[in-house]
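One structure is given here, and the rest of the page talks about it.
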């Protein structure tokens with residue numbers, strides 16, 4: 001009994017230390033300034049652009065991109081398989097993924113199944129592993145998204161894509177394995193029809209859903225994971241068992257980006273469509289007041305929190321916790337983000353200062369793969385690979 005008490009005290013002390021660390025130097029810092037244009041140790045580099053031709057058959061749309069990125073995709077798929085085999089050394093789970101997963105999941109909606117088949121063919125990676133790579137993003141996306149309105153009613157959308165928590169820690173360089181392997185897979189995409197842009201997005205090569213994007217002149221959209229007991233695993237299980245009346249969240253965001261023609265239409269679809277996993281949809285428009293965070297359960301919308309500059313609400317911030325609840329004490333990115341926005345002020349919000357906010361620890365952390373900045377009205381869309389050199393919190 002005394003031994004158990006000592007273990008409990010050690011665990012409690014460790015948890016308290018981590019909680020305190022996230023809110024004290026060197027794990028946090030004063031709000032950064034003058035970090036834009038990106039440079040220095042927190043800037044890994046630019047993100048390449050590729051065109052996805054929607055006039056091509058779905059099977060062929062990703063051919064050019066995946067020829068370039070196949071080696072990097074194989075690296076991350078092999079890492080995921082190795083992690084699975086660590087827990088189930090027999091290799092049976094990977095065998096089921098390769099042989100059974102496509103049949104278990106059945107037909108995917110719209111063009112997505114044919115697109116994944118095309119990616120599998122080009123990369124010589126089994127279709128089941130390509131499907132599991134796409135499912136992966138329904139479950140592990142940890143992010144910070146912001147929509148802010150300046151004094152002139154102009155909107156700016158910013159997001160940090162954080163990904164890879166608990167998916168392998170490299171003790172040699174203090175980084176998350178999957179986070180680092182995603183950086184060379186990060187791409188900017190220009191989806192075109194009839195040689196004209198339909199929408200633009202930042203994504204990971206091999207993933208056919210969308211996590212961050214915008215429709216020039218109309219709206220911007222980012223997706224954050226929402227942790228819930230009634231979560232994505234249940235939705236996927238229902239899908240396998242034949243209940244297919246809900247959409248995969250990444251497929252929904254892509255469908256909205258591709259087909260919606262206004263902020264209100266996008267908001268309506270994101271609010272009402274049944275989805276497989278709980279999520280936060282962060283949506284920005286092209287005029288004053290058009291910005292919101294949609295908190296979703298799998299079957300319904302729980303909350304739509306909108307900009308209202310006249311009432312002093314000139315920004316909305318979303319991490320991975322419901323806005324009416326306190327964030328998990330080991331993972332509070334919301335408080336420092338809001339603090340830095342308040343210090344920036346509505347008079348001074350811009351691409352430059354939004355990047356400053358997203359560059360401040362712990363909003364920037366070891367999980368941060370990239371930062372995206374969007375100006376819908378001006379048609380600006382910029383994505384930058386990030387690093388968080390030590391001392392830096394793990395999430």
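Quick reminder: no glycine exception, Cβ is built from N, Cα and C everywhere.
Per Swiss-Prot, these features apply:
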SIGNAL    1-21  signal peptide
ACT_SITE  143  active site, nucleophile
CARBOHYD  195  N-linked glycosylation site
CARBOHYD  259  N-linked glycosylation site
CARBOHYD  286  N-linked glycosylation site
CARBOHYD  342  N-linked glycosylation site
DISULFID  388-392  disulfide bond
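Each of the glycosylation sites 195, 259, 286, 342 was assessed for Cβ neighbours inside 10 Å, and the highest tally belongs to 286. Across the fold, the C-alpha of residue 286 (N-linked glycosylation site) and the C-alpha of residue 195 (N-linked glycosylation site) stand 24 Å from each other.
Looking at residue 342 (N-linked glycosylation site) and the residue listed as 'active site, nucleophile', their Cα atoms lie 20 Å from each other.
Residue 392 (disulfide bond) sits 43 Å from residue 195 (N-linked glycosylation site), taking the Cα positions as reference. Residue 388 (disulfide bond) carries neither a helix nor a strand DSSP state and counts as coil. Long-range Cβ neighbours of residue 388 (disulfide bond) (same chain, at least 6 residues apart, Cβ-Cβ under 8 Å): 42, 361, 364, 365, 366, 368.
Listed recorded positions: 143, 392; maximum Cβ neighbour count within 10 Å falls on 143. Note: the CA-CA distance between residue 259 (N-linked glycosylation site) and residue 143 (active site, nucleophile) rounds to 25 Å. Comparing residue 195 (N-linked glycosylation site) with the residue listed as 'active site, nucleophile', their Cα atoms are 32 Å apart once rounded.
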